[in-house]
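Colleague: Pulled these features from TrEMBL for this protein:
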type	residues	note
ACT_SITE	Cys117	active site, proton donor
BINDING	Lys22, Asn23	phosphoenolpyruvate binding site
BINDING	Arg93, Arg122, Pro123, Ile124, Asp125, Gln126, Asp307, Val329	UDP-N-acetyl-alpha-D-glucosamine binding site
DOMAIN	7-408	domain 'Enolpyruvate transferase'
MOD_RES	Cys117	2-(S-cysteinyl)pyruvic acid O-phosphothioketal
Amino acid sequence: MTKYVIHGGRPLFGEIDISGAKNAAVAIIPAALLVDGVCRIENIPQISDVTLILNILQDLGADVRTVNRTTVDIDCSHIRNARVPEELARKIRASYYLIGALLGRFGSAEVPPPGGCDFGGRPIDQHIKGFVAMGADVDVQGGYIHARARAGRMQGTQVYLDIVSVGATMNIMLSAVLAQGMTVIENAAKEPHVVDLANFLNSMGADIMGAGTDVIKIRGVARLSGGSYSIIPDQIEAGTYMAAVAAAGGEVLVKNVIPKHLECITAKLLEMGVAVEERDDAVLVCRTGNLTRTNVKTLPYPGFPTDMQPQIAAILCLAEGTSVLTEGVWDNRYRYVDEFRRMGAQIQVDGKIAVIEGVEKLTGARIRACDLRAGAAMVIAGLAAQGTTEISNIYHIERGYEDIVRKLSGVGADIRVVVTPDAGKQAQVG
Ligand code: EPU
């Protein structure tokens, strides 16, 4: 078993470099399927979700070459296979992007239903609604989603999303870039990674307008050709370290960020008494005094991100007064609350609302990461807590955070990875 052991109560000082955005990378890598030639993708985060999606492309027949730690060359020109392997695809949510990318490239796709964090139901009906409107037949047989463009190629049309969905917006965009005619996505998601995918595709020759607004127009082109592209910094990784400083105290320069993407997070930290100073491509976060209560509701971008909800909860546990947290995106994203209670947090949950009564201190405990962001929030709680916190199931955290232990140790946190191979053998510390 591998776990994180944190001796909490130390303020953080120094600088942290932010990696490329996970949720952009896991869409841009499958988008390479649409490109005729070599795509060089830079600023790729070294996380297990990215390794998985690269392995899936290789399994399909892509030529993937590592250029350096954060850069890969991908050539999908020779792929002839549109069936995605089940074991790999079921481990990751973003495998659904292979449906749009393969449909766009071959006019057909066979992809297992996606995996990912468990927040209650995670339907993909809006993705399918888009593919069907664009002339595809979609059904499920033998544990696979089978999608086939009736005309052999996707047909541009108007798609209105009933719900603002990041995945559906990006998946429909992938299936539309090589389609016949113009596709218009209405009520589209506006997240930074939606814009990043559009910028990547446009840099390879696509014709996409309006990404970042709620109407995206995609004029189908005959071919995309190779080029190079650098992925944006990760908004949520940056927000997580900002939250860590808010909880543990100290002063940290969070570098290689786009401050505009962080404004929704910065606004809440300011309300809580944390100082945040924007620089060109960095934010300086400083917390010396007490934390003040606030209310937070998660919403699609530019609202407060649901992927920062557990991390902000960790800070609110230590803020003076009563805070109300409302989850506006997922049905069940409070599964971590029991673990926080073990540390002395006072939280009541009723459906999508959590009422958090700030306490003077959290105390270290043995806790279990139940998903990616909840795991990151447990690290934050552990950094702020008195005593020792042990977090198990850290593979959830490593799906989305590159080198979290090194980055936090670099600003003075006492956090280590402890590996216990099996009962009876002595623990290794790394
Ligand atoms: N929804 C539907 N039907 C659909 C699609 C979505 O009803 O066809 C609903 C969902 O149930 C949810 C809401 O719409 O209530 C939003 O879901 P969305 O499709 O936007 O989420 P997603 O694409 O599955 C991505 C991120 C998540 C992040 C959400 C919301 C990736 C790989 N995942 O998921 O990130 O929470 O957008 O911003 O991009 C994470 O990084 O930890 C993570 C979970």
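Just so it is clear, glycine is given a Cβ too, placed from its N, Cα and C backbone atoms.
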Colleague: Using a 10 Å cut-off, grab the number of neighbouring Cβ atoms around the Cβ of Arg93 (UDP-N-acetyl-alpha-D-glucosamine binding site), all chains included.
Modeller: 19
Colleague: Within 10 Å of the Cβ of Lys22 (phosphoenolpyruvate binding site), how many other Cβ atoms are there?
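Modeller: 26, counting other Cβ atoms within 10 Å of Lys22 (phosphoenolpyruvate binding site).
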Colleague: Taking the domain 'Enolpyruvate transferase' (7-408) alone, what is its mean pLDDT?
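Modeller: Average per-residue pLDDT within the domain 'Enolpyruvate transferase' (7-408): 96.
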Colleague: If I take the alpha carbons of Gln126 (UDP-N-acetyl-alpha-D-glucosamine binding site) and Lys22 (phosphoenolpyruvate binding site), what is the distance between them in whole Å?
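Modeller: That separation, Cα to Cα, works out to 22 Å.
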Colleague: What whole-number distance in angstrom separates the two most remote CA atoms of the UDP-N-acetyl-alpha-D-glucosamine-binding residues Arg93, Arg122, Pro123, Ile124, Asp125, Gln126, Asp307, Val329?
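Modeller: Max span of the UDP-N-acetyl-alpha-D-glucosamine binding residues, Cα based, is 21 Å.
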Colleague: For Asp307 (UDP-N-acetyl-alpha-D-glucosamine binding site) and Lys22 (phosphoenolpyruvate binding site), determine the Cα separation and express it in whole Å.
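Modeller: On Cα coordinates alone, these residues lie 12 Å apart.
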Colleague: Find, for the listed binding-site residues Asn23, Gln126, the residue with the lowest Cβ contact count at a 10 Å cut-off, counting only other Cβ atoms.
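Modeller: Minimum Cβ neighbour count within 10 Å, taken over the binding-site residues Asn23, Gln126, occurs at Gln126.
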Colleague: If you measure Lys22 (phosphoenolpyruvate binding site) to Arg93 (UDP-N-acetyl-alpha-D-glucosamine binding site) at Cα, how many Å is it?
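Modeller: Approximately 12 Å lies between the Cα of Lys22 (phosphoenolpyruvate binding site) and that of Arg93 (UDP-N-acetyl-alpha-D-glucosamine binding site).
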